[in-house]
Amino acid sequence: MPSCCCLLGLGFPSPPSALRILRRRMASRAFQLRLNPLTGDSEWLVVEEEEEEDHHPTPPPKQLLATTSYLDMLNDSARNRAYRRAIEAAVTDPSSRVLDIGAGTGLLSMMAARALAAVGGETRGGSVSACESYLPMGKLMRRVLRANGMENRVKVFHKRSDELKVGDDLDSPADILVSEILDSELLGEGLIPTLQQAYDMLLAKNPKIVPYRATTYGQLVESTFLWKLHDLHNNEANAADGVWLTPGEMERIVSVKPQQHAMQCDALEDEIRLLSEPFKVFEFDFWKRPDSHREANIKIQTTRDGYVHAIISWWVLQLDSAGSIFYSTAPRWARQSSSEGPQRDMKDWCDHWKQCVWFMQGKGIPATEDQVLSLRARHNQTSISYQLNINDEACDRSSKGDHLTLLPERIALYGDKDWRSALINTIKNALTVKSSPTCVVADDSMFLALLISSMSPTSKVIAMYPGLRDKGAAYLRSVADANNFSIDQIQVIGKRASSITADDLKHKKVNLLVGEPFYLGSEGMLPWQNLRFWSVRTLLDSMLSEDAFIMPCKGILKLCAMSLPDLWRSRSSLKDVEGFDHSVVNETLGACGYLPGDQQGPCLPYYVWQCGYTKKLSKVYSLMDFNFSEPIHSCFGKTKIEFSHDGTCHGFAVWIDWVLDERKSVVLTTGPDNRYWKQGVQLFGKPVEVNPGKSVMHVEASFDPSTGEITFSSSSTTCS
């Protein structure tokens with residue numbers, strides 16, 4: 001985020017009065033970075049803060065907050081209830097000074113203010129201060145406070161907690177700290193440095209802390225699916241197609257990042273073999289200043305033979321000092337086990353806190369029943385890492401310039417035999433009619449650059465690599481010999497399409513324009529944001545030969561009606577949250593269900609297979625075609641859905657099938673049955689009870705080429 005001094009550093013002295021005015025204006029605005037899905041360019045949005053006396057503030061832009069996890073958190077009743085009980089237990093002194101760091105909508109602050117009032121704090125000098133650095137959320141918090149008559153009982157600071165100062169912002173050090181700066185790994189949102197700074201600068205001696213303690217747990221598992229998510233080398237060896245993304249002696253040149261990866265592991269329960277009981281890893285005592293780094297050596301006795309492919313981890317939060325209020329992110333099988341410790345309340349499915357997966361390298365670590373394995377766990381200020389069998393030090397290329405880290409799903413896709421075969425056969429057919437072609441890889445595909453270069457020694461391959469850039473070039477140099485091509489065949493330009501000129505192509509016409517499509521950094525976006533490939537093709541239109549081969553040649557928007565009760569509940573509109581009205585946040589946070597007028601929540605990206613209980617209620621329908629032989633243009637489509645199963649329809653899943661070769665019907669589908677892709681999920685304004693032969697639904701969609709967005713509308717009818 002640009003700072004005031006950055007904008008003032010123009011080389012001209014500013015008069016003191018102008019400086020004060022600009023500083024005041026900068027203090028009341030923030031800049032939100034947004035990625036344009038069709039160009040890959042970053043765009044700045046300005047978020048203004050209203051003056052204190054403005055009692056009718058403009059809500060923050062919907063798109064800024066609708067894709068966050070705030071709504072899911074506020075629908076997590078177990079979490080809300082646990083925090084309320086713990087705060088009420090902590091606030092017993094009417095003179096308490098409460099500080100809420102990372103206040104969000106202000107829910108915890110309002111709980112503290114209510115608890116303070118209950119013990120007479122309003123007349124005894126008690127106070128509540130809320131710190132929220134993200135201005136769009138801070139604006140929303142002020143609306144929530146006003147809706148609940150709390151605007152004068154909670155003091156709001158749009159600052160990071162390390163910018164707060166006792167004496168300037170806070171009248172005196174706080175003696176109660178409440179916070180929820182936790183992620184699925186526990187530490188990833190900066191919990192430790194935030195608490196350290198608070199203990200050093202903002203808190204009184206011996207403060208009360210909510211939550212009081214957290215304990216992390218782990219469990220050794222065997223899972224073919226999890227193995228495929230990280231072991232590219234052995235999976236592409238099984239494919240045996242001659243293309244080596246990870247040649248011998250370079251097994252780790254493409255890998256997942258060595259970190260904990262958040263995942264809904266309950267969805268894998270039936271295909272996971274547990275190789276150990278749950279074991280305790282670290283205990284974090286928040287009631288005292290936390291350490292930055294620690295290490296633990298743990299002995300784990302295995303419970304059966306198998307290969308350790310991963311460690312699944314979770315945490316248990318103790319919110320009160322008495323040890324009576326807990327919240328757990330454990331998977332279902334561990335919550336049902338008594339070995340974890342005190343019984344935890346069963347809770348609803350939620351998406352904001354998942355379990356985490358730490359992958360073992362290669363084929364996994366072999367284990368026999370009752371074997372004792374040594375695990376070394378380390379944590380720093382923001383993450384926890386593991387090393388199983390301490391003497392088994394693996395080669396780590398991560399510091400080398402040719403090493404690439406990808407998301408687990410991309411690793412699995414690159415090792416998938418069917419996916420590779422579809423691309424190989426399509427490119428092979430294209431090259432039979434192209435002599436010494438000039439080929440442009442229009443995305444960040446390493447696979448296609450290697451494939452074409454190795455299949456066609458006379459080809460000239462121009463890899464755009466707008467995300468990989470120099471790292472992609474270094475990688476290709478490292479694996480060229482193993483794939484039997486000269487690196488001189490490939491030119492990595494590292495540019496977006498809007499910056500490419502005929503000079504970059506040596507004034508040659510492009511015979512092949514190909515993509516997976518895959519754009520580094522865009523993996524979590526909605527499926528149609530990969531239509532960036534269509535935008536690139538349009539920008540390169542004048543550089544294409546008349547008979548240019550384009551792959552994929554078409555995208556088909558598909559959809560399927562779904563029952564999604566767990567996802568619906570987590571995204572449903574809010575009313576009362578532990579006694580506080582949150583209805584003002586619904587539109588901004590993208591809630592669904594029973595909203596005024598025809599409002600509906602946004603279409604959001606999810607791995608549908610991880611969305612709790614799901615059921616398909618219809619067959620798959622085609623809704624819209626995108627023809628890449630033409631320049632990008634607006635599109636419209638509609639279809640009638642006839643239901644094949646009884647149930648409650650909460651919305652539909654939508655995705656794009658990529659047609660690689662229309663003549664040979666080579667299609668890559670990315671629907672819910674394919675677990676390596678996210679789908680878009682459009683939830684309805686109200687759930688609909690459906691019956692085969694009696695219920696139909698009409699769905700329309702339109703694509704706007706200027707924004708890359710697709711909008712949906714739907715209506716249902718019941719036949720007598």
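Glycine residues also receive a Cβ, built from the backbone N, Cα and C atoms like all the rest.
Annotated active site per Swiss-Prot: E180 (among others), in sequence order. In the three-state DSSP assignment, the secondary structure recorded for E180 (active site) is coil. The Cβ of E180 (active site) has M73, Y83, G102, G104, L108 as same-chain neighbours under 8 Å, each 6 or more residues away in sequence.
For the recorded site, E189 (active site), the DSSP three-state label reads coil. Residues or ranges marked as active site in Swiss-Prot (evidence: similarity to another entry): E189 (among others).
If you look up Swiss-Prot, you'll see 54-385 marked as domain 'SAM-dependent MTase PRMT-type 1', on the strength of sequence analysis.
If you look up Swiss-Prot, you'll see 387-720 marked as domain 'SAM-dependent MTase PRMT-type 2', on the strength of sequence analysis. Across the domain 'SAM-dependent MTase PRMT-type 2' (387-720), mean pLDDT in this model comes to 93.
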